[in-house]
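So that you can see what the record holds, here are the features copied from Swiss-Prot:
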- G105, Q106, T107, S108, S109, G110, K111, T112: ATP binding site (BINDING)
- 350-425: coiled coil (COILED)
- 611-640: coiled coil (COILED)
- 17-341: domain 'Kinesin motor' (DOMAIN)
- 600-648: region 'Disordered' (REGION)
- 740-760: region 'Disordered' (REGION)
Amino acid sequence: MGIGEDQMQGSSGREEKIFVSVRLRPLNVRERARNDVADWECINDETVIYRSHLSISERSMYPTAYTFDRVFGPECSTREVYDQGAKEVALSVVSGVHASVFAYGQTSSGKTYTMIGITDYALADIYDYIEKHNEREFILKFSAMEIYNESVRDLLSTDISPLRVLDDPEKGTVVEKLTEETLRDWNHFKELLSICIAQRQIGETALNEVSSRSHQILRLTVESTAREYLAKDKFSTLTATVNFIDLAGSERASQSLSAGTRLKEGGHINRSLLTLGTVIRKLSKGKNGHIPFRDSKLTRILQTSLGGNARTSIICTLSPARVHVEQSRNTLLFASCAKEVTTNAQVNVVMSDKALVRHLQRELAKLESELSSPRQALVVSDTTALLKEKDLQIEKLNKEVFQLAQELERAYSRIEDLQQIIGEAPQQEILSTDSEQTNTNVVLGRQYPKLRVRSSWESLNITPESPLSAQASIMISPQSTEHGSDENVFQLSDLRLNSGASSPAQHLAFVTPGKFTKVRLNIRGVESKNQLHIHKGESVDQSRVQGERLHEMDEPSEVDSEDTCTELQCIETESPGIIMYPEPNILPDRCKAVSALPLCEPESKNSRPPTETAEEKEEKEETEEKEEEEEERVKEVSSVSIQTKEKSGPIKVSPRCVLSLTDESFPDESSNLKRDPTHQDFVTPSPEKLYAWHLESNGQTAGGTGFTRSRSCGASFVSSSSFSLSERDANTPPCWYQNERAESNLKPSNSKRPPLPKHISRMSMPATWFEKDFNHTQRMPAGLDGVNMIKSSPNGSQVSTSKSHVYARQTSGRALISQDEGEETVPQRDKRIIHLSMEEIEQKFLALRSSKSFKDAAVDPIQDYLTMPLNWPLEFKRLEMEIIELWHACNVSLSHRSYFFLLFRGDQKDCLYMEVELRRLKYIRETFTHNNKAIENGRTLTSMSSLRALNRERYKLSQLMQKKLTKEERENVFLRWGIGLNTKHRRLQLAHRLWSESKDMDHVRESASVVGKLMGFVDMDLASKEMFGLNFSLRPRAKKSSLWKRSVLSLSIL
């Protein structure tokens, strides 16, 4: 039997009616003994008639002749019944079509006798077909069940527990945990069939000595696959099922004389057969109304066979005896209804990849032919609905446009209000032909409402040779001192960064009211080399500023002040250079003389930069030549060869930055600074800022302090409040530490917290420096070694608590840090303690990097900074176990644990993050041990609050399981974690088992995998470790996160 490709596809199927046949058995021994008369007779192969003994009036109530697809008389054998009534349907299974064969009738009418023979003949023919078609490989699977008292039981199993009937979206109705045996040969089938006969429920009644008391369903699944890919019609896997259903017979209790158990069994049998008859009757009238398939287990299991994707044959058995006339007539009525039921059988194909490709190619060719042929005009029956839909869409879009316009208007009014508050009237935009300038102004104006773009840059075009003019041009006006502590003024003038052309200097002024530190950036494009000159001006006299009170200007700026960052992105060219000039000190009288000059004076819209004279052009050329000479001298001193490619490119941004600095000293002013360690106007920035001081050895006074950047470099300017706070946090110990430090200098014998010995070199730290106990926070941080600490006394005078020391002992350069100390609160102290370890790490990095070349620092800064143990994998495992135990003790968020565990997998560069996490956890544990409160990211943490947060997170994870995982995935996870599928609150059980064992690494790894899947973590190999937040949690982060920004910036510099 060949199976064509089109037939196997069966996409639409074919409709056909159920094949109904009637088998009339002869009178049995009991009926002949009672001298019963046969009232039914087969007059031909399709008609059965009733030889009525009733009167003419009674005959008119019932039909006397019934016509079906095939009628078998008493002389017909079971072989004939199979060949002409069931063979074609049963053998459809080898063609990939589902099939079902029913035996329906009253009790003792011969149903079981008929179905046993049909089952044997069908299996024999299937095996004969398999032997004749060696080109395909066949797999036969056999299962059997019975429905006894509306309970489904497995006939191939000794377990009599009932089975559940489930609905599968692909397979339809299935029986859970039903045994399915793969047949080896014919003998194996006969053995299984004998087991089914022995397991089936039977009983004796007055009508039948061996009466079936249950409905039996024998199911055979046939799968066939082509052995070789030889022809287009032999490429797919066919899967189909044939059911042999032997129904229990309907009976009357008055005739069967049943009682007790037999009466109960008969009631269930009649009820299920009544539901079957109702389903058949409604299907015969069409499938429009409700079909009660779920009213009985029998109809629910056979739903596909009765009116779905299957070919069905029903054999109705009759008893000719007059005593059973009414039961026989009901059977014929059932058969008449079943004859009108239509099924839609389809070929069930599991297509292989090659077959799927061919099918798609054929579909593609069909679609291409349709496209190539001229399209027929589409007739739109009703255009009113389409027009209404379009009108609604237009109205919706108009509303959105109106709302966006209102939001834009409010945004512009907000900008104008802010400009009026800071004392600068709104300026109208000046139309410019330069598209880059226009785009920059628009973007900066929307993202930074306090950012004012100057239309002229000539007033700030100051070269390093004119420090007085530079200082005068950026002095703070009295009006600017009225800004709040969170207010920052950032000026950007004419941001036209043309890397290939030589253009006048472009300046940016950044003002922080806390210390009124000015940083001016001169962005120059000199031929093919872009150099960024940073001039750090002098501070305004502190005595003049202390008299003026800084107040808050508006509430929104106070909330967002710590989060506001103005980032200066690096200009990626082939060979960028950045030169930093610490300008000489200016005497207080000079400061007073120029302090009246305003910082940012509004310019009229008609102002234009003056035309350059010949003298100015010559001065610029001389300045550029001097700068090139200084750059060459710096390259020779540092022994760094910077290869340049004469190429001009666009501005690009990259998140990482490596800075290396050399020294440029000014003989007079720098010496004054070194002699005066308490000078207020010279502040060395902390490592979190965009530069780091690196002083060359031998005390030489070289030209230009320069540092080189990598091609991907990003630096950040923080706002005023966060700038001053970060500077204080980076270099200032807690107030209790200062007091005891001062006491230790005065009374060494009474000191309880001895500071770190100053004669110990930073390079002599042990390789396992991360093993140092973080609990001893009373020791002096490494970041404070060699720092002048100035403490304010009650009368306003300043007392120096230590002498100046060399900052990095590997070099002979000097960097002095001077800052004001003020009173701090307990939350500020807690925040600082966490970051002292970070400061120590960063200071070590700066100290160690000074002994490396620029090339080494740029290529692998982390390896230069870290002194790795000899066996890092073992050390990583030890640190990992310690961190996991601390996570468990401190009730750390499960999402943070999982993200950290999956992200850091033992790379040598991960030791920095392991150390930071370890110290943070030790601090939290120490705080919880003393029943104190820890402050992290602006939140107060206690042992109980962290435990409550952990329980809330577990509850949220249990909710995510319902959304993120399918039912099958959830069941697999429950089984893998030892949670029974029949238990309650399975998701909560799993959530509370996650991360519950801190010493079992398999448990930890599996917990991290589950949480990662629920939280939707991306591939950890692609994640940016530099930007990883050590406080990662389910809850949204608070707005004020300047403390975290400092940590992220520090890690990005590394």
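Yeah, the Cβs are placed from backbone N, Cα and C, and that goes for glycine too.
Around G105 (ATP binding site), the same-chain residues at least 6 positions away in sequence with a Cβ under 8 Å from its Cβ are K111, L247, G249, C316, T317, L318, S319, T331. Listed in chain order, the extra residues whose Cβ falls within 8 Å of the Cβ center of the ATP site residues G105, Q106, T107, S108, S109, G110, K111, T112 are N208, G249, T317, S319.
When pLDDT values are averaged over the domain 'Kinesin motor' (17-341), the model yields 88. A sphere of 10 angstroms centred on the C-beta of Q106 (ATP binding site) encloses 24 other C-beta atoms. Sequence-distant neighbours of S109 (ATP binding site): residues of the same chain at least 6 apart with a C-beta under 8 Å from its C-beta are R25, G249, T317, L318, S319, H324, T331. Just so you know, the Cβ of K111 (ATP binding site) picks up 25 other Cβ atoms within 10 Å once every protein chain is counted.
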